[in-house]
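Annotation source Swiss-Prot lists active site at 165, 262, 292, citing sequence analysis.
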């Protein structure tokens, strides 16, 4: 679609979303648009420091977990000694960016609002690691904590997965992987999905929305996909195009959150409609006036805080 035909998104977003967009960090260098992925990762980490400040304090522990690919870093957030469940969090970043620091505040708030242990998994990024390595390492970490739950003093009898953007895809893909391969890591009580992509290659929102403000132009989305997948055939894998998986049975209860001006919104709508049509437990909530990635901005946006509280409430209601 010609750029001129797209919606004037920055004129339509909410006042609090505009405040975020217009917030300048004077000590931040320019985005390295033509830089290496390493430079973009470094910038992303620096840019997120401001948005992660002021998060709740709680007991936090870091562990390296063995997988067949090597060790993966994990971080445990423990809001109380007797947690009713454990939530595994998978960060967004287009499969190529992000780490446990860039999503620290999100994980802390989720732990605080749910009063559950949250475990962030620093899964391997692309293009160094190609599909399905990230999913396999996530599953390995989940299995490790299930086997060692007593040693780590965590409750793995009931678990959940949560993630934003690319992390939302990894969240649902990991839950389906466990189901399909009959791997027991505890009962999956719920899955929390904020503005994910689930397999659509084109849609109305992908045509009308997306630009330099969110890093989700058609070219951006293609770049993320090419970095993540090993080959063209992977596009149809049921763990990448999740609509090619069986969504008619034994899908854990899903909280599906959409951002109004997100080009990936139709992925969330289709996922909800598919699950609902087959009587799979799910809830969809649209957050008006928001852009993709708004969950990061709870320092300024009540809507971001609300979205985290909604996800936490959904999860605890399943326990």
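Glycine residues also receive a Cβ, built from the backbone N, Cα and C atoms like all the rest.
Quantities reported herein were computed from a predicted structural model and do not represent experimental measurements.
Projection of Swiss-Prot feature records onto the structure.
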residue	record	DSSP (3 states)
165	active site	coil
262	active site	coil
292	active site	coil
> Over all shown protein chains, what is the count of other CB atoms within 10 A of the CB belonging to residue 292 (active site)?
Replying inline: 24
> For residue 262 (active site), which residues in the same chain are close in space, meaning a Cβ under 8 Å from its Cβ, but six or more apart along the sequence?
Replying inline: 195, 205, 209, 214, 216, 290, 291, 292
>> Given a separation of at least six residues and a C-beta threshold under 8 Å, show me what packs close to residue 165 (active site) in the same chain.
In response: 92, 93, 94, 194, 195, 196, 197, 264, 292, 293
